[in-house]
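Copied over from TrEMBL:
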ACT_SITE  H64  active site, proton acceptor
BINDING   D65, V68, G70, D72, S74, E86  Ca(2+) 1 binding site
BINDING   P162  substrate binding site
BINDING   H192  heme b binding site
BINDING   T193, D245, T248, D253  Ca(2+) 2 binding site
DISULFID  C33-C114  disulfide bond
DISULFID  C66-C71  disulfide bond
DISULFID  C120-C321  disulfide bond
DISULFID  C199-C231  disulfide bond
DOMAIN    23-325  domain 'Plant heme peroxidase family profile'
SIGNAL    1-20  signal peptide
SITE      R60  site 'Transition state stabilizer'
Amino acid sequence: MAFPLRVLLLLFLSIPFSESESNLSFKYYKKSCPDFEKIVSETITTKQMSNPATAAGTLRLFFHDCMVEGCDASVLVASNSFNTAERDADVNLSLSGDGYEVVVKAKTTLELTCPNVVSCADILAVATRDLVTMVGGPFYKVLLGRKDGLVSKASRVEGNLPRTNMSMNQMINLFASKGFNVQEMVALTGGHTIGFSHCVEFSDRLYSYSKKHATDPEINSKFAAGLRSMCANYTTDKTMSAFNDVFTPGKFDNMYFKNLPRGLGLLASDNALVKDPRTRPFVELYATNQTAFFQDFSRAMQRLSVHGVKTERNGEVRNRCDQFNSIQT
């Protein structure tokens, strides 16, 4: 049934937009930096080809940025004698250097092409989308016009990012506090289909699960044996890690969800998704329908990408992504 133009207009106007979101546009750099997306694309392609871990590292970096203070590139800021920045918070110490590097490289080129125009926050958002697409994931449109945040404090990180030992209630409540429902939480967690986790993040499932079982009995026995061998020296070598998806670790697909019912979820929080009745239906849906996963992941990423974005009034375009334009105390 066709709706009159006046009705459609009223429906559109009733959609809630924050002031910061309303300042964003898909064509924000069309005149001021027309080669923006081309430069980012070329940069991420070169980096991903030389280091295949870049896609997963950048996706995780973007998520950690947006969940704390919003998508404002605050996670890129380096600490100094006046301030301990987000990137030095305990949970962020394991963030991959590849994500930082790809943003810095793109920023360097962009500053030569159109200086003082493109924010680090926009570079990170588009680089993440392009890298996800490059390794087989869905393409989704990214609104542009974010400004870089003026605050980055390690003390503000804790409680804003999910931990592997959180209960499902804690996970759901955390995502709800950022405006995401259970289905969106599960879709975003599907980003674990690429990349790896350090052994220290799941060692308790391998060596000290309970008094009755040293190893979590819900882990596939052969998978557990392989992990115990791989992570044997994790206490002395903190870099030891394992792929989140043992079958297609470098491809963005729905294999992560297929693995969970088989006892092949690496983290306790991964395994919890297939056990809890609130999240299991979405795991089962995405395991059998990759198209549904891609569609829901795209929508969730679009929503995440505009979470807490900054505008001219409370942000800036940094000259360098790792430091504010003026010293912050």
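Just so it is clear, glycine is given a Cβ too, placed from its N, Cα and C backbone atoms.
Nobody curates TrEMBL annotations by hand; they come from automatic prediction.
These numbers come from a predicted model, not from an experiment.
Looking only at the recorded positions C33, R60, C231, D245, C321, the one with its C-alpha closest to V68 (Ca(2+) 1 binding site) is R60.
Proximity of D72 (Ca(2+) 1 binding site) to non-local residues of its own chain (separation of 6 or more, Cβ distance below 8 Å) is seen for D65, A121, R146, K147, D148, G149, G308, V309, K310, G315, given in sequence order. Considering only the binding-site residues S74, P162, T193, D245, T248, the residue whose Cα is spatially closest to the Cα of C321 (disulfide bond) is S74. Apart from D65, V68, G70, D72, S74, E86, the Ca(2+) 1 site neighbourhood in this chain, defined by C-beta within 8 angstroms of the site C-beta centre, holds H64, C66, M67, E69, C71, A73, V75, G149, S152, G308. Report note: the Ca(2+) 2 site is defined by T193, D245, T248, D253, and the residues of the same chain whose CB lies within 8 Å of the CB centroid of those residues, excluding them, are I194, F247, P249, K251, F252, N254, M255, Y256. Taking G70, E86, H192, T248, D253 as the binding-site residues under consideration, the smallest Cα distance to C33 (disulfide bond) is found for G70. Neighbours of C120 (disulfide bond) among the recorded positions R60, S74, C114, H192, T193, C231, defined as a Cα within 10 Å of its Cα, are S74. Within the same chain, the residues at least 6 positions away from P162 (substrate binding site) whose Cβ sits under 8 Å from its Cβ are M171, L174, F175, S269, listed in sequence order.
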